[in-house]
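**Student:** Encoded as C-alpha cells, here's the structure I'll be asking about.
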Amino acid sequence: MLKVLSSSFFQGRLQSLSTRFPAALGHGGEGRSPLLRVLGSLRNPSGGSPVFGRRVFFCSEPGDGSDPPPAEDASAAAAEGGGAEEAESKASSAIIPTNPRPEDYLTVIALPLPHRPLFPGFYMPIYVKDPKLLAALVENRKRSVAYAGAFLLKDEPGADPTLVSGSETEKNIYDLKGKELFKRLHEVGTLAQITSIQGDQVVLIGHRRLRITEMVDEDPLTVKVDHLKEKPYNKDDDVIKATSFEVISTLRDVLKTSSLWRDHVQTYTQHIGDFNYPRLADFGAAISGANKLLCQQVLEELDVYKRLKLTLELVKKEMEISKIQESIAKAIEEKISGEQRRYLLNEQLKAIKKELGLETDDKTALSAKFRERLEPNRERCPPHVLQVIDEELTKLQLLEASSSEFNVTRNYLDWLTSLPWGNYSAENFDVDHAQKILDEDHYGLSDVKERILEFIAVGKLRGTSQGKIICLSGPPGVGKTSIGRSIARALNRKFYRFSVGGLADVAEIKGHRRTYIGAMPGKMVQCLKNVGTANPLVLIDEIDKLGRGHAGDPASALLELLDPEQNANFLDHYLDVPIDLSKVLFVCTANVIEMIPNPLLDRMEVIALAGYITDEKMHIARDYLEKSTREACGIKPDQVQVTDAALLALIENYCREAGVRNLQKQIEKIYRKIALQLVRRGVTNESSSDISIQQAAVQISGDRSKESGDIMGDEQAGRNMQDSASCEKANEIASKEADESSAQKLAVEPLAETDQMETNTSTDNSSSSEQPAILEDNKVLDSVSGAAASEVVEKVVVDVSNLADFVGKPVFHAERIYDQTPIGVVMGLAWTAMGGSTLYIETTQVEQGEGKGALHLTGQLGDVMKESAQIAHTVARAILLEKEPENQFFANSRLHLHVPAGATPKDGPSAGCTMITSMLSLAMNKPVKKDLAMTGEVTLTGRILPIGGVKEKTIAARRSEVKTIIFPSANRRDFDELAANVKEGLEVHFVDDYNQIFELSFGSHQESQE
C-alpha cells in the first residue's frame, strides 16, 4: 500500500518553503541555541539549493501545502496553549499548528511504513495503493482533519529482514488488512500531517510521538492513540551535555566527508528551528543509514539521555562507514589513475620508439615475420601460392588489429608460410642399408620388406622417387603399424602417423572453411607443417574402421588424398590452394580389407600379412621381445634364464594368435614376477655397490703404495694399520649386495693396478718389505669377494615345469584329440582369427531301418557349412553307390554329424571333402589314414574347389603333428609361396576330384597301418 518517493519530488517544494519563514526563525540573532550555532557553522557555505539522497525530508509547512494561515490565526492558537506551550512554541518550533491542535487527535488512521520510521520534523513520501484508504485520507483532509498515524511495520515472523527485497515487502503490505495489519504494527509511531495528495502519492511530515492503545475500525485501519512526551530532564546536566557535544563532534566529522549531510543540517535548521537535546537525537537517528529496528528504538525511547546514547552509537557507526567508503573510493581512484598513467606511458613509449625506428607496429612486425619465414623457400614455392601470400599480406596491412577479419588473415598467413613448399628431405637409396634396418627392427615380413626394397631400387635408377599407396592387411599384432616407422628410417624420411578409426568428419581430412570460428586445416596440412618436409612417410592407421556421420563420408574424401593421379593437386578447404602430395609415401593398415570401400581399395597396393608361425614367434621372442622387456624391468641377463621349451610352451599354450602382442604381454608378466622374486631375495642392480667396492680396493692399494714409499716407516706398524683398514673396508663392502661376477672382476682389477704401482715405485732395498703387503692385500680382497659372492642369489630359471607359476594355467589345449582317428572321424583344417586350427568331423549312426536315410547336424554351424554338409551327404551316397553298389547304408541309416567344439561358431565351405570322407568312413567301416588332414570345397559332381588361408592351415597342421595334407590343386601356387621352414616335413597332395582323396584316405589303408 505504501511506497517511499524519490527526493527529487520535494526539492522545489522545500526551496519554496524556505522563503516563507523569516530568517530570524531559523538562524541569526543572539538568542540562538548553542547547539544550533555549532551545527549552523557546518552548513554548506555555497548557499545553493540542497541535494537530497535519502528518503526523509524536513519541513514545517502546515495544512495541505497551500499558503500558510494568517498570522492572527497563528497568534490565537499560540494564546490558547497556555504559558508552557507558548514558551515551547516560541523557543523551538516552526511547525504552524492547525485548528484543532495536533494533540487533540486521539483517533487516527494507521499508515504502515515498510522501510523506516518517521521522526518528528521530517518529510516522508509514500504510495497508498488501497483505494478505500486513499479515499478516507482525501475525505479527512477536506474536513481539515489532515492527520494520520505513521507506524513502522514489523518484519514477518521467521523472516530475515536483510534477505527480503523491497518488492516482496510491498507485496506483503498490500495483502495486509484489518487485525492482521494491526498485529504487524509497532506500538510507537508518529503523528503525521498530510501535506499533499497527488494521485496515490501522499506526503507526510512528522509532528509528535504516538502509542497505539486499541483498534477502532478495520477498513481502513483506525486506532486510538496516546500522545507521548519526553521525560523531564535537566538541561544543565553535565552528562547530557557531554553526550550531546560528542554527538555534535561526530556529526562534524561526518559532515566533513559527506556533502549530503551538510544539506540535511542546512534544511533542518531552516525549517524546524533551534536544536534542543531531543531534536538533536531525532536528527542524528533520522539522517543515519542505520537499520530500521535501531531507528525504531530511538523513536520509542522517551528518556532524553538514553535517546542521545542510542543516537551516538548510530552516528559512530555512520562515521565508520564513511571512513570505509572514503578508503574504497581512494583505492579505486588510485587503481584507475595508475592504469591510465601506465597506459599513457606505454602509448608514449610506442610512439617514441616508432619515431626513432626502434620498433614497428604490430601489423608491420607480423608482415615482416611472415616474409622472413617464407624467404628460405621462396624460390621453390609455387607461383600461385606466392601470389596468394602477397595478396593476404597486403590485406593484413589494411585491416584493423581489433577486427575479426584481421585474426582470420593472420592465422591463414601463419599456415601458408609454415608449410614446406618444395622442401624435400634427402632420401637414402642404399638397398643394403635399408635391408639391414628392416631386419633389425622386424623378423619375417618378407613381402613388405621386398616391396620396400623394390621401391628403393626404382628410386635409385630414376634418381628420384614417387609416392606410393601401400596397404598392409592382417590380424592385430603382426607389426603393421610398427613396420611403418622402420620403413621411414630405412628411407631417411620423416614419419607421421594418424588414425582414422571412427573418423566421421570430412573436415578432419579436407579441413574447415576459413569462415568458421576455430577453423583448422586437415590432417595432411598439419602433417606437412609438423614434419617440415614435403615427402614424409604418412601412416594412416585403421583405414578399415572409417566412420560415416552427418558431416560427410571420410572414405570418399580419402579418394583424392590416396589417388596418385589427383594428390599432386590436393586442395584443402582451409588453405584453398593446391598442394603437391605426389612425393608422399602413404602406408595404410587394415585388419579386414573387405571393410574398405572398393573405390578406395582400388587405389591401394595391398600386401597381406598372414601372421607368424611358431618358429618366427620364437625368434621374435628371443631377439626382440625378451631383450626389450628385460631392459625395461631392470634385470640383468645373468640373473634369469627362460628356456626354449618354456618359450615354445608359452607360444603354443598361451599365445596362438597370429600376432605377437599377447606374447609380449605374457613375457612382460613373467619378467615382472621374476623382478619381484629378485627383490624379495635382496638383489639390487644399483651401480652404487659396484662403485663402492672399486673405490675401496683402490683406496687399499693406494694406502699400501704410500706406506711402501716411506723409508723411515715401521714395517710392522704399517702392516697392522693396513690390516685394520682392510678389515673395516671388507666389513663395509660385505654389507652391500652385488653379484658374483662383478665382485670377482672388481677384485682382480685393483690387484693388477697395485702390482703395477709397486713395480714402478719399488727399489731393490724395499722389495722384501713389499711382498708381505701384497699378500695382505690379496687376503683382504679375497675376503671382499667372498662376502659379495655369499650374497649372490641363485639365477631364476623359467622352464616348462614352473611356467604356470608365472602366467597361470594354459589357455589353449592340444587340438589333437585322437592319436589314431576312429571310424567316422576325419581331421579337417580351418582358418581362424588366431591364425588357423585343426578340427574334427565326427559322424555316427543314430538309427537304421529301411527308408530312414537322413542327416542331423550339430556344432553351431553356419548356413554355408550346413549346405556343405547336405552336399557332402549327397556326394557320399553317389560315391558309395559307385564303390560298393550293394551297400545301402545311406538309404537306410539316420546319421548324426557333429563338429566340436560345440561352443565355437563355425562357417565356411572348405569342410566339404572332410565331411564326405567322414561319412564314407562310417559307411565302409574303415578308418582313414593316420596323421591325415584335408580341406577343400566340393561340388555335387565331386570337383574340389580352392580355399583360402593356406598358410594358416598349414601352420595348424604342423602344430598338430600332421604328416599328410590334402589341398585343392588350385592352391598349389599359394603353398609354393610359403617359406621352406613352414613346408618342412609335410607330405602335401593336390587334388582336383574327390576320387583322388578317396584313394589317399582309404586306398592303401593296410600299408599305412603296417
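Cβ coordinates come from backbone N, Cα and C, glycine included.
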**Student:** According to TrEMBL, which of these ranges is region 'Disordered': 62-98, 358-394?
**Tutor:** 62-98
**Student:** In the structure shown, which of the binding-site residues G474, P475, P476, G477 has the fewest Cβ neighbours within 10 Å?
**Tutor:** P476
**Student:** Which has the fewest other CB atoms in a 10 Å radius around its CB: T481, S910, the listed recorded positions?
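**Tutor:** Counting other Cβ atoms within 10 Å of each of the recorded positions T481, S910 gives the minimum at T481.
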**Student:** For the ATP site (G474, P475, P476, G477, V478, G479, K480, T481), what does the 8 A shell look like? I mean other same-chain residues with CB within 8 A of the CB centroid.
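**Tutor:** Checked against the 8 Å cutoff, the neighbours are L472, T589, N591, L609, G611, A658, G659, R661.
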**Student:** About how far apart, in whole Å, are the alpha carbons (Cα) of T481 (ATP binding site) and S910 (active site)?
**Tutor:** 32
**Student:** Show which residues of the chain containing K480 (ATP binding site), separated from it by at least 6 in sequence, have their CB under 8 Å from its CB.
**Tutor:** L472, S473, G474, T589, L609
**Student:** Using a Cβ cut-off under 8 Å and a sequence separation of 6 or more, which residues in the same chain sit near V478 (ATP binding site)?
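**Tutor:** Long-range Cβ contacts: L445, L609, A610, G611, Y612, A658, G659, V660.
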**Student:** Give the distance between the Cα atoms of G479 (ATP binding site) and K953 (active site), rounded to the nearest whole Å.
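**Tutor:** About 21 Å separate the Cα atoms of these two residues.
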**Student:** Return only the integer: C-alpha distance in Å from P476 (ATP binding site) to K953 (active site).
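**Tutor:** About 18 Å separate the Cα atoms of these two residues.
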**Student:** For the C-alpha pair, I'd like the distance in angstrom between K953 (active site) and G477 (ATP binding site), rounded off.
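**Tutor:** Cα to Cα, K953 (active site) and G477 (ATP binding site) are separated by 19 Å.
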**Student:** Between the Cα atoms of P475 (ATP binding site) and S910 (active site), find the distance and write it as a whole number of Å.
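**Tutor:** With the alpha carbons as reference points, the distance is 21 Å.
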**Student:** Express the distance between the Cα positions of G477 (ATP binding site) and S910 (active site) as a whole number of Å.
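**Tutor:** About 26 Å separate the Cα atoms of these two residues.
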